[in-house]
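So that you can see what the record holds, here are the features copied from TrEMBL:
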type	residues	note
REGION	40-68	region 'Disordered'
COMPBIAS	54-67	compositional bias 'Gly residues'
COILED	104-168	coiled coil
DOMAIN	210-495	domain 'Aminoacyl-transfer RNA synthetases class-II family profile'
BINDING	Thr302, Arg333, Glu356, Asn468	L-serine binding site
BINDING	Arg333, Thr334, Glu335, Val349, His350, Gln351, Phe352, Glu420, Ile421, Ser422, Ser423	ATP binding site
REGION	438-458	region 'Disordered'
SITE	Thr470	site 'Important for serine binding'
Amino acid sequence: MLTCGRFLSSSAATTTASFSPLRTLTRSLLRRPHPRLLSSASAAATTAVEPDTKGGGGGAGGGGGGAVRPQWKAAIDFKWIRDNRDAVADNIRSRNSAANLDLVLELYDQYLALQKEVERLRAERNAVANKMKGKLDPSVRQALVEEGKNLKETLIGLEEDLVELTDKLQLEAQSIPNATHPDVPVGSEESSVVRKEVGSQRSFNFTIKDHLQLGKELDLFDFDAAAEVSGSKFYYLKNEAVLLEMALINWAISEVSKKGFTPLITPEIVRSSVVEKCGFQPRAQNTQVYSIENSDQCLIGTAEIPVGGIHMDSILLDSALPLKYVAYSHCFRTEAGAAGAATRGLYRVHQFSKVEMFIFCRPEESDKWHEELITIEEDLYASLGLHFKTLDMATGDLGAPAYRKFDIEAWMPGLERYGEISSASNCTDYQSRRLGIRYRPTPSEPPPANAKKGKAAGGPTQFVHTLNATAVAVPRLIVCILENFQQDDGSIVIPEPLRPFMGGLEVLSPKSK
């Protein structure tokens, strides 16, 4: 699995005219016009990263010219990546990632060589300083002063190069996707494997209608007015559809809370850096993220992002894990490139309501909680009487953060196809290593009596694992309910679990003329 490393502060200094052969080589590499280094970029000076010894994930990275600096640093373990080059390359290929592994390793080799030279010169400078402490002949002292000055100037230049090289290495490595569970099918989306199938397609003895026609006849939503006000793929919900949305939200939060999840309502605007740390690409072409002009903020595409950030840069108590949240929010997506009859109506829209589950847990427990999340989803949709299948999604369909992803696709008779209504992803430590979320394991034995007072017990901290899953994506559940539970008179039977949340309403009936 790709994991990450530690942070060290570094500072840039002015360039001098003293160029060592290594610095000349490094400068040549830094100025080389790599296409990805010259694409998207974030400008802000931050700390440098020190390679560690545990494998790491990357995310949405781009690079830039010499002045380009990453806004934040993922603690990526370049040594692990180098030592497992073939496995990392295979993973990049199977996931159709654009990560440039050869460039990452080339930059890493240059980093190691430059770091070694910097350390050698620092030691030499310290040795010169030590020689000057005693009584010396003036000519000897002057020679040492000159030597120390030259070393300092050379070192300043190399340290500047080290910072710049580290930034480029970080930006490139952030594009490396998470590792992949060994059981995940390899290939495109069509290679995904059905894990489970629940129910069967309903047989209709009348001509069925899709949700667009049903909604129009029942006066449940208005796409035309929304298109005039906001643009295409927006909508107004009306009449009982409003009650149905509220019912779905309250029902989902109520049911999931019974499983020990803490309810949240999240911010719907977040910093771009948090979006990136969660593995999304707010500045990429065909991005799904709406960015706010002249700010470092974005509208969220899912509550996964603000919930993931709620414990950012924190060390959690071992006894508090797992932390489980069920969060309600509106979601905003550009849906770039989405078009066609298969995405019509409520199926793919720019704004919608969603209830999301999110878990922070110990690394050894994430597979177990992943199974728990998909079971909760399956129980929810089965209780509504939907016919659906659960899929283990293939490598080509995994986003950069996901180690493994299960999707649920429900039958939508009006659209005459299965449509995705939820997913559940195990992101292992990909997001937590970028968000800086750790925990300190409880020691298996009590500390010795002579342990230093105030010293942290339990050994080194570890990164938690994060998981996310959809409880309810409201528009697609409305599609399912309208199309699956339509009657020959044009009415819609409300699934029984939702009726208490709709004031006891059992049927949506056509309006009398």
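Just so you know, glycine gets a Cβ as well, placed from its N, Cα and C.
All annotation found in TrEMBL is predicted automatically rather than curated by experts.
Keep in mind the model is a prediction, meaning the values are calculated, not measured.
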Residues Arg333, Thr334, Glu335, Val349, His350, Gln351, Phe352, Glu420, Ile421, Ser422, Ser423 [recorded ATP binders]: greatest CA to CA distance in Å: 19
Rounded to the nearest Å - Cα separation of Thr470 (site 'Important for serine binding') and Phe352 (ATP binding site): 13
Beyond the site residues Thr302, Arg333, Glu356, Asn468: chain residues whose C-beta lies within 8 Å of the centroid, for L-serine: Ile300, Gly301, Ala303, Glu304, Ile305, Cys331, Lys354, Thr470
Sparsest-packed among the recorded positions, when each Cβ's other Cβ atoms within 10 Å are tallied, from Ser423, Asn468, Thr470: Ser423
Rounded Cα-Cα span from Asn468 (L-serine binding site) to His350 (ATP binding site), Å: 21
Densest Cβ neighbourhood among Thr302, Glu335, His350, Phe352 (binding-site residues), 10 Å radius: Thr302
Rounded to the nearest Å - Cα separation of Ser423 (ATP binding site) and Asn468 (L-serine binding site): 8
For the coiled coil (104-168), the mean pLDDT of the predicted model: 86
Inter-residue C-alpha distance, Arg333 (L-serine binding site) and Phe352 (ATP binding site) (nearest angstrom): 9
